[in-house]
């Protein structure tokens, strides 16, 4: 599609600034508030024995938290990625980078991504768009470029139909996405056998999606459901024209809430599930894991913190870890495996959702 | 019943002006907000492949949208009908005209209806009131007059007990409406074999109604449920006398919400269903089709636009079509047949309604 | 119990004035709003054929409406009873009088009750308190006095534990109320075979109550549920002392909502059911009859109207009848028997109530 | 853990003052509002026959009400305990004292607890923290000290993981709490055979907890659920540092609502259940008993009253008893055993909770 490298850069900068300064979050919620963990009055554990460590994609994480891939391709994005890398290195967590297409198209931008490897050997996840494998006929060579660019431990392929349809510059062809099966398989055979993650960008995957992703042999699904950053809201702020604004407003609440998407995917998919989209506390993380996730991704609060400095990112993540540990103490879970088995209640709309769909 | 031709004209004008300037919409909703379409994160289709075309009553429509029959019988009504006709011609959609009784009673008013045929050969639907076949002993000859007046492709017979009971001038006898079976059958035999549509005017049909309408051999049901224009509200504005006002207030929320009426009718009726009553976006249209409609009707937003000019009507309808296509893209439906099969969730009051009635 | 005749009179006047000027209605509702009658788009009837007539306790009523027994024993009460009698006579409806104890205790007050017979031969229902048959050892002779006082067509025995407990002067012994069985039976044998009605005063009867009332051989139950006048609220206004006020506040929402009480009683009781407590429109009456009542009672709106004159009472009742007829037209019910069979939906809390109790 | 005796004292004083002057109650409710007792229109009993007496832990109580153990270890605490003791003695009720650890650690403080025995021979319940039996290796000798200190009729062992985790000085080890089984058994053999109560402090016990407590052979469970005083809110007021404040806010609504906790515990535990946490009226007490409790505990309203004088405590408790008796009259329950069998409805979230957990 006809857009210049410069246009991509400008859009990326706009997105960062809008997320920093404006309300870009869904009016509707993640539905995690419809999940209630059950207090254990007797607790039965020693807080100091609590272990939050997990292993993910071959690397150890000190807690089931990754910073979701958000940005790249711009000077500010480089700074953001650097700060996130320093923070996750400090805390023993993992991170993703934003869509690497900018650097695939323009090699001058590679350093805005691979800066992360100057600061951490921890888990780093690469990121490419599913739509480009169709529209731009990308193949395993592009994947190889992206992986090598940042020495990626795993590769996320993002699916973003809403984002594409609402951007004036969007790519609109998601037909034949099952060709990804062969491309990924070829990549693994010819290059490296690293895990691949199918990732949404804030509207969630349905169970129908999960079946398709399973057939493509994705090793993990990062559900990124609704309730956090709304791309329709971000675009609404970027766009001047009244009629497009009016149209966008119809879709600002489109998408599957995070908690609902976790239940949808879990019902048909047995591999690794990452819960993300509107994760705003360690209590949210505890809930996601209790209802079926292996790990959680955090984005917007980290983006905001990263613009202030890496120490701010550390602070936010430390608070999440502490909250997670308190929640584990109060439900009497000594480690993440026990947290996965803790009882919970599902109420309200989430309960209705589950009863009708699963 | 004793009312002069002039009275009918004045009332029609009042209705148009009240709809233009005042809040005449139900406080209660269509319950379409209780229908949630399921986002498909993988989409799986090419936006540019999406086809919204349908065939309805022997004519092609570029999208499953008709402008509901609203008016006629007045100079302003003529202008409205003209603008709608130009717009639907431009976009390849269909339209209805308002009740043709005014022109049946007074031939001078015929041009306020047949103006539409100077601007379009697309689907045009005629319109007569069921109550007059009982009260005024109308027969197939009257139908013939109405059809020929506008060269109608199909004929709507409207049922409007609430409207009649709340108008001081109303006809109040809906007894023996099954005589319509013979009249319609006679018409089809003696004149033209065109389809007949039973149409409500904003209070919806129940499943009990649908069984009766099926037995009368109606070819389609236009459910026109509650949630859009409230005729009790319109009358409330027209009426001065406090006691009648007080009485009308008790019935401003009477009626079956549009989404509920669609489920009611669908449960017993296998022919064509048109969803209307409070349709305010292409997303509403997508929902109606997902839950069982073949096409949707839009009224109030088009009435308002038509008073500004035909280009305004085009704009509103284009926006609806665009929204419909975006919704189809996001649920991965390439055409209307696929949209009919897309999964959805029913929540809240609509869920309760269905569980108790169907 | 020791209270003077004068005290009874003063209390009665206070009650009337508080009901006239203050908000004495429940914060909680009758739950009739959780009942939705189903619109019949085809109607199928002629409005002018609609018959609202019923037969109740051997007398004809032009509509299923009685004015609930409210007052007596005071000059103003006499005026109220007179105005109600004139109005029901005008319209062909029935009425009750308030508790006749005042006149049993003090014969000078008889005319404040029997005034009604100077104005109507229609259905008039007498009224005595159940508690006095226990506390004051009343017997069939007292009933005879009450019946003869107003030439009653039927006799209501009211049960008012909340009212008694919250009044400083209250009688608090409802033990052995089954002795009413013998007293009523004796009365019927020795005096007149008229029907007896068990009547609540705004807190409703439960199904457990209905079984007891059935065993006492009551011919009808007037459920008088919560949602209309709250006696705790009335007392709250009368009482000065802060501590009692605080205590009363705990019970201002006590009681079984009218709609719930109708379902409770209907589930175990096959005889005549009168729906009352918060009936505020003909639509409420239509709903009560659809869910199982034979007739409805109206109180507070009539009390207020009666203080302005008998023509006001006529106006209010005429409006109720008109609203009832419109509702019947819109559900396609030609008479009360058909209205009893009209379909309806039960939603919200009322649905929960029914599913847990019945 | 290293904190001085003085620190304990200061904290205790702070807690008392915060409870007196600030809003320290949960935003979420006890869910007792989701319990509706069913009005008995016929009542069937004599108010003057109503007996509220129960026997608890070998002593008679004039009503099923105890004042929950709240404080001790400070001059003001001594005054509070004295006033509560005088009040319960006056009314024939029971009481608990606050955690006796302060006096175990510092014998000078003993009189702030044993003051109660100068004013009452009624039921007095001692109080020690479960966590100290683990962290400080307490044994049956400590229990003996606590029992003898106040001549306790029963001993409460409190479980307070939330309180400990949110206090900077908190003890965080609840591992191996089943060692309490042997300690309690030893105590009973070597010293006195008095009943032991497992008690929460405002977050409730789950059914999983109740099974553990049953196995430890606790004679009673005092569920102290959420909806009353929130310890996270109290701490939020004490703490200055913004980050800890932010973290505490995540847990201010943590816990099992009182009504839910009663149902949880009742489902697996057949011994004595005390309902507490947010009990604010005699109607609350009636509900707790109807859904399964043997007695109720009241805290915050009594703390506030006790700071004004013992007569204020009497007033509050008398009002509760009166409200309880009115509720019993209105449901037709002559005594506590009958109240336990009165029917009720469970609605809203509480209904959902029960259906998913029990």
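Placement of Cβ uses the backbone N, Cα and C atoms for every residue, glycine included.
It should be emphasised that the depicted structure is a prediction, and the values quoted were computed from it without experimental measurement.
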Record-annotated FMN site (TrEMBL): member among C:42, C:229, C:244 besides C:68, C:69, C:70, C:71, C:99, C:127, C:199, C:278, C:279, C:280, C:299, C:300: C:229
Cβ neighbours within the same chain of residue C:300 (FMN binding site) - under 8 Å, at least six residues apart: C:19, C:24, C:25, C:228, C:229
Rounded distance in angstrom between the Cα atoms of residue C:11 (substrate binding site) and residue C:164 (Mg(2+) binding site): 13
Helix, strand or coil at residue C:70 (FMN binding site) [DSSP, three-state]: coil
Residue C:163 (substrate binding site) and residue C:199 (FMN binding site), Cα-Cα, nearest whole angstrom: 13
Secondary structure content of the domain 'FMN-dependent dehydrogenase' (C:193-342), with strand meaning DSSP E or B: 76 helix, 20 strand, 54 coil
Neighbour tally for residue C:68 (FMN binding site), based on other Cβ positions within 10 Å of its Cβ: 30
Residue C:70 (FMN binding site) CB neighbourhood, other CB atoms within 10 A: 27
Sparsest-packed among the binding-site residues, when each Cβ's other Cβ atoms within 10 Å are tallied, from C:11, C:163: C:11
Residue C:164 (Mg(2+) binding site) CB neighbourhood, other CB atoms within 10 A: 22
Which of C:99, C:100, all binding-site residues, has a Cβ with the fewest other Cβ atoms inside 10 Å: C:99
Lowest local Cβ density (other Cβ within 10 Å) among binding-site residues: C:12, C:101, C:199, C:280: C:280
Nearest recorded site to residue C:70 (FMN binding site) by CA-CA distance, among binding-site residues C:12, C:99, C:100, C:101, C:164: C:99
Euclidean distance between Cα atoms of residue C:68 (FMN binding site) and residue C:99 (substrate binding site), Å: 11
Rounded Cα-Cα span from residue C:68 (FMN binding site) to residue C:164 (Mg(2+) binding site), Å: 19
